[in-house]
Amino acid sequence: MNPAHLLVLSAVCVSLLGAAIVPPQPLNLIQFSSLIQCANGGSRATWHYADYGCYCGKGGGGTPVDELDRCCQTHDNCYGEAEKLTKCSPYYKTYKYDCSEGKLTCNDAPGSCERSVCDCDRVAAICFAGAPYNDKNFMINTETNCQ
């Protein structure tokens, strides 16, 4: 075998091995982002909510800093309830929904994991759209501000 071909083949194999150990990314974050954009009419990019206050983004704790942060706390708690359903992983569960003129509708069967997760995201998206956004609460130091 040609050494150049062997080198390319080795690189591909190593790449595939590396990809096999990369954990899957939460699929429904894309859907949640779409629901947020539907509810707020695209007025604020969804990444603004990824690291806001004490609860928006990964994890959460302490006292919410404002109304928007309370929306995130409620969303976290809602996902916690959804996780109690059999085989329900909210961060990886996708669902069916419609967005029409800012109105969000979840279309999966009531009581299903998919519907529960969609309802969590729908309520949060509507809450985000109605809550004031305070720039000073974006990327705060959670260790000192979230007691």
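Heads up, the Cβ atoms here are built off N, Cα and C, so glycines get one too.
Quantities reported herein were computed from a predicted structural model and do not represent experimental measurements.
Record features (Swiss-Prot):
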type	residues	note
SIGNAL	1-19	signal peptide
DISULFID	CYS38-CYS99	disulfide bond
DISULFID	CYS54-CYS146	disulfide bond
BINDING	TYR55, GLY57, GLY59, ASP76	Ca(2+) binding site
DISULFID	CYS56-CYS72	disulfide bond
DISULFID	CYS71-CYS127	disulfide bond
ACT_SITE	HIS75	active site
DISULFID	CYS78-CYS120	disulfide bond
DISULFID	CYS88-CYS113	disulfide bond
DISULFID	CYS106-CYS118	disulfide bond
ACT_SITE	ASP121	active site
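All features noted in Swiss-Prot, drawn onto the structure.
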residue	record	DSSP (3 states)
CYS38	disulfide bond	helix
CYS54	disulfide bond	coil
GLY59	Ca(2+) binding site	coil
CYS72	disulfide bond	helix
CYS78	disulfide bond	helix
CYS99	disulfide bond	strand
CYS106	disulfide bond	strand
ASP121	active site	helix
CYS127	disulfide bond	helix
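For the recorded positions TYR55, GLY57, ASP121, a Cα to Cα distance of within 10 angstroms from CYS78 (disulfide bond) holds for ASP121.
The shortest Cα-Cα distance from ASP121 (active site) to any of the recorded positions (ASP76, CYS88, CYS113, CYS146) is found for ASP76. Here the disulfide-bonded residues are CYS113, CYS118, and the one whose Cβ sees the fewest other Cβ atoms within 10 Å is CYS113. Note: the Ca(2+) site is recorded as TYR55, GLY57, GLY59, ASP76; in the same chain, CYS54, CYS56, LYS58, GLY60, GLY61, CYS72, GLN73 also have Cβ atoms within 8 Å of that site's Cβ centroid. For HIS75 (active site), the nearest of the recorded positions by C-alpha distance turns out to be CYS120; the candidates were CYS54, GLY57, GLY59, CYS120. Figure note: comparing Cβ neighbours within 10 Å for the recorded positions ASP76, ASP121, the maximum is reached by ASP121. Of all the disulfide-bonded residues listed (CYS72, CYS78, CYS99, CYS106), CYS99 has the fewest other CB atoms within 10 A of its CB. Across the binding-site residues listed here (GLY57, GLY59), the residue whose Cβ sits among the most other Cβ atoms within 10 Å is GLY57. Distances between the Cα of TYR55 (Ca(2+) binding site) and those of the disulfide-bonded residues CYS72, CYS88, CYS106, CYS146 are shortest for CYS72.
Ranked by how many other Cβ atoms sit within 10 Å of their Cβ, the disulfide-bonded residues CYS38, CYS88, CYS120 place CYS88 at the bottom. If you take the C-beta of CYS71 (disulfide bond) and look for same-chain residues 6 or more apart in sequence within under 8 angstroms, you find CYS56, ALA124, CYS127, PHE128, ALA131. CYS113 (disulfide bond) sits 15 Å from ASP76 (Ca(2+) binding site), taking the Cα positions as reference.
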